[in-house]
Ligand SMILES: NC(=O)C1=CN([C@@H]2O[C@H](COP(=O)(O)OP(=O)(O)OC[C@H]3O[C@@H](n4cnc5c(N)ncnc54)[C@H](OP(=O)(O)O)[C@@H]3O)[C@@H](O)[C@H]2O)[C@H](O)CC1
Ligand SMILES: [K+]
């Protein structure tokens with residue numbers, strides 16, 4: 001997985017990397033600029049579009065100058081506006097400034113006529129990971145102006161004003177696209193920063209994962225290439241029992257749809273045998289809308305041990321006796337997936353928390369999470385609380401949202417890269433519970449079930465939204481689960 005390095009260690013990382021490769025820091029800057037330009041040309045093919053590049057005094061500004069040179073060579077009309085500070089500019093900024101072609105328009109921003117043509121592109125190369133304080137005065141005003149311009153805004157590495165690892169308190173550039181180098185900076189993954197980050201693109205500048213690993217051992221970004229090896233593979237003699245026997249418990253009257261969504265998602269994720277136990281009076285008649293799903297009675301059936309995995313909570317309601325939940329955990333006594341009303345039950349009855357089977361997977365949305373751990377004021381605090389909760393109770397915590405966080409019991413934090421805003425729809429979480437439970441039942445470790453479940457869920461949402469956009473519903477996500485296996489080459 002791709003390590004995420006904190007802002008303070010990035011300078012040290014760059015130094016060590018260039019030393020180990022026998023290259024100069026300006027070579028790495030050139031690599032970064034080329035990676036940006038390759039991304040840029042993939043999207044903005046019209047070479048008559050006017051581009052303004054705002055360059056700060058440090059290496060982020062140096063990137064901007066190198067990009068200006070490369071884009072101008074390709075024929076794009078470029079305007080460079082540079083900002084000096086009292087201490088002068090970085091060495092690589094100066095070197096790239098000298099490399100600008102002779103006929104190039106580069107203006108000190110103090111002499112700028114403050115005009116941005118409508119429909120042009122504004123590239124923010126003012127500050128990156130070297131931001132040392134909140135923006136003030138003329139720079140803050142400039143960012144405010146750029147945010148009001150009728151233009152497409154693109155940030156290089158980080159939107160200016162955004163600290164790398166914490167929540168911002170000041171003025172920040174509002175990017176439509178952020179193109180970040182090698183790995184996402186942590187703050188780009190915070191939901192409160194989505195308005196600044198826009199669409200996030202991570203571009204490779206040639207620093208290998210093994211090299212990055214030396215600078216971060218506990219925070220990672222999950223990419224497509226991390227998934228293949230985490231799956232189990234079956235052969236033509238595999239029996240339906242090999243694909244797991246899973247049970248879903250939940251679905252009180254009026255909320256039974258949640259239980260069916262989880263169950264159906266498990267079938268589409270490859271489970272061999274799927275049963276569901278709705279919270280109805282025993283022997284009352286319940287119509288299951290899918291022929292492949294069996295009905296199961298939990299209360300009269302003492303033996304839960306022949307289930308490979310249990311997903312509990314979707315639509316369970318608020319009237320559940322905590323001792324009943326306890327009896328299920330004790331009878332099953334293996335990792336289970338705990339969601340929705342089952343999480344609320346844990347929060348309301350802390351004695352139950354200590355009884356949760358080790359390595360179980362909890363999948364709270366942000367409100368359910370607060371019920372478990374108390375109020376949190378921002379995402380940085382939420383990440384810390386999820387991590388300590390996972391360690392304390394020896395469970396996997398999946399904090400659902402943009403860039404879903406998987407907090408593992410050994411303290412590692414994994415951020416997901418798939419999914420989009422259209423997935424914020426009723427039942428989307430129930431689908432995720434179904435998928436994770438399915439993988440757990442197919443014999444995956446809790447860690448791999450969580451990673452594969454979260455990644456495939458986001459990918460299924462991306463695929464479904466291609467034709468459905470904001471009209472996408474949870475069942476559409478389920479229908480695309482099989483395509484995610486095809487897309488990733490999973491047998
Ligand atoms: N491996 C990589 O990821 C690479 C990254 N590159 C790019 O380099 C930047 C980081 O460059 P750095 O020079 O360390 O920092 P910045 O350019 O972001 O900013 C430093 C200058 O900005 C001044 N500063 C900082 N905060 C403020 C502020 N609030 N107001 C005014 N001025 C500010 C700072 O001045 P100080 O007074 O704080 O010293 C510096 O002058 C990274 O983000 C990438 O874009 C490389 O190109 C290649 C590899
Ligand atoms: K920037």
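Along the chain as shown, the residues are counted starting at 1.
In case you wondered, yes, glycine gets a Cβ from its N, Cα and C as well.
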Same AMP site as 400, 401, 402, 403, 404 according to TrEMBL: which of 374, 429, 434? 429
117, 124, 204: which one does TrEMBL list with 60, 160 for the K(+) site? 124
Expressed in angstrom and rounded to a whole number, the AMP site built from 400, 401, 402, 403, 404, 429 spans a maximum Cα-Cα distance of 14
Can you tell me the CA-to-CA distance separating residue 404 (AMP binding site) and residue 365 ((6S)-NADPHX binding site), as a whole number of Å? 10
List the binding-site residues 59, 129, 365, 401, 402 whose Cβ sits under 6 Å from any atom of ligand 2, in sequence order. none
Determine which residues of the same chain, besides 400, 401, 402, 403, 404, 429, have their CB within 8 A of the center of the CB atoms at the recorded AMP site, and list them by sequence. 365, 399, 405, 416, 419
Considering Cα atoms only, can you say which of 60, 132, 157, 365 is the nearest neighbour of residue 429 (AMP binding site) among these binding-site residues? 365
